[in-house]
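Quick look at what Swiss-Prot annotates:
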- 24-48: region 'Disordered' (REGION)
- 90-101: compositional bias 'Low complexity' (COMPBIAS)
- 90-112: region 'Disordered' (REGION)
- Ser90: phosphoserine (MOD_RES)
- Ser94: phosphoserine (MOD_RES)
- 141-307: region 'DNA-binding region' (REGION)
- 406-556: domain 'SF3 helicase' (DOMAIN)
- Gly432, Pro433, Pro434, Lys435, Thr436, Gly437, Lys438, Ser439: ATP binding site (BINDING)
- Lys513: SUMO cross-link (CROSSLNK)
- 581-604: region 'Disordered' (REGION)
- 591-604: compositional bias 'Polar residues' (COMPBIAS)
Amino acid sequence: MANDKGSNWDSALGCSYLLTEAECESDKENEEPGAGVELSVESDRYDSQDEDFLDNASVFQGNHLEVFQALEKKAGEEQLLNLKRKVLGSSENSSGSEASETPAKRQKAGAKRRLFSENEANRVLTPLQVQGGEWRQGFNEDQAISHRLLQLVKSKNATVFKLGLFKSLFLCSFHDLTRLFKNDKTTNQQWVLAVFGIAEVFFEASLELLKKQCSFVQMQKRSHEGGTCAVYLLCFNTAKSRETVRNLMANMLNVREECLLMQPPKIRGLSAALFWFKSSLSPATLKHGALPEWIRAQTTLHDSLATEKFDFGTMVQWAYDHKYAEESKIAYEYALAAGSDSNARAFLATNSQAKHVKDCATMVRHYLRAETQALSMPAYIKTRCKLATGEGSWKSILTFFNYQNIELITFINALKLWLNGIPKKNCLAFIGPPKTGKSMLCNSLIHFLGGSVLSFANHKSHFWLASLADARAALVDDATHACWRYFDTYLRNALDGYPVSIDRKHKAAVQIKAPPLLVTSNIDVQAEERYLYLHSRVQTFRFEQPCTDESGEQPFTITDADWKSFFVRLWGRLDLVDEEEDSEEDGDSMRTFTCSARNTNAVD
């Protein structure tokens, strides 16, 4: 039985046709994918033909030129605004701005696009975009380089960046040429400067400006793609601090202070001296003045070959001639002498400076002590008179004793016995109320004689009298009852002027004749019965008159020059017979003490 073609529908049902042939959305959902594609395309084609066929109205073309000029004007205003704000963006920013447009603007732009053909719009806009992009790209690259350099200088690694740039330009580290000064207030006469980003005009002009302030100027400038750097070696006429030099050079070279590196030069490094010497030979280097001594000394062939060895005896002789017996004083002063003394320079080059200083101080103390002990009291006083400088008058001492109602002849007679160390006359005590000038008088006399001051606060130590072994006179200032009791108990023979045994630390006890002793006190030892055994050993002078004015200052001052005039004036009255004067009159010549090895061919 053959199959019938067409649709089978029941004629009894009047609406069966609609149920069979009508298209419904539910039917599309049940269809397979792609089943109705051809049908939809075909239907669209017929619809478009029908639409074009039915729409015969004329299209309004509009004013193309006016719209184009409006768009160009708007684009020009946007470019001008971007230039004024200095925010010329890259192509990425421009693409981002296009992507951020609102849907309304896109629809509006799509409507206007109908006025132009697609190819015509591309032909007009493409050349402008290419030319503007190339110019903006070149400008942005230069601006990026400048911005990157500025950021590096301002960053926390600015010092690392500047040191790296200096080393890449000069093939030498900045720290190899300089030594470190941590404090900006520390002054120095010579400075090394590294200036970054300096202009050629200011670099050349700085030489003429620095000639007035520097005795030596050496400057050189180098450049490469990473930046520009100039190095200066300046020897100022006066010492300047880093802060002063920074302000001076920043204003002179018209650069930021962050673009400067400043440190004093390394004057003891051979590599640093060779760097400056080699740079001075370059035609690109600008110079003014002669090379510093430390560069010539290290680069001259004669000086480099004739390096002297350190002579310890020469150092001891120098310290003895200057009467330096303290270790710190010797070390400091001998280091300062290195600029003019070759042996001092050799001393600084040794690895045993502390040992040499300690041994030198020990030897000088031995020599000075032996020299002092070998002199008689008149010869010793004459030596002290030679050390006193200035003009003085013995009348100031006379006026002071007259003010205290003490006859000067009485003091002269007591001082004569005191200087000669006569037993029972070896101690002078100045008694009186406070502020009467007792300490002023005794301290000035002890200072002139170069004596020793004893502090009773250290009496519990076995070594508080150790300084008497090297002293020609001693002073105990402001003795109290405890001090007088100690004298009465332990130091009667010292007050008498007889030999005593002195205990010295880490050394054997030494026996010496007790030196003359001065004592100041507010206690009248002659009126105290408890110190009966000291009455015959101490000769007292009473000071009753106060020595202060209304403002609390002392109107009397006695200096070393006054004591020098006093001893010269009363030399005969004090029985100071100098045996050395008699020997000089007999024709004996005095020779300076020598404690260093001299040339054996020299004439003695």
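For all residues, glycine too, the Cβ spot is worked out from N, Cα and C.
Features as recorded by Swiss-Prot, highlighted on the structure.
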{"residue": "Gly432", "record": "ATP binding site", "DSSP class": "coil"}
{"residue": "Gly437", "record": "ATP binding site", "DSSP class": "coil"}
{"residue": "Lys513", "record": "SUMO cross-link", "DSSP class": "strand"}
Q. In the structure shown, which of the binding-site residues Gly432, Pro433, Gly437 has the fewest other Cβ atoms within 10 Å?
A. Pro433
Q: Compute the average pLDDT of the predicted model within the domain 'SF3 helicase' (406-556).
A: 91
**Q.** Other CB atoms, at most 10 A from the CB of Thr436 (ATP binding site)
**A.** 22
**Q.** Additional residues surrounding ATP, by Cβ distance to the Gly432, Pro433, Pro434, Lys435, Thr436, Gly437, Lys438, Ser439 centre under 8 Å
**A.** Thr520, Asn522, Phe543, Pro546, Cys547
Q | Length of the line joining the Cα atoms of Lys435 (ATP binding site) and Lys513 (SUMO cross-link), in Å | A | 33
(Q) For the recorded positions listed here (Lys435, Lys438, Lys513), tell me which residue's CB has the most neighbouring CB atoms inside 10 Å. (A) Lys438
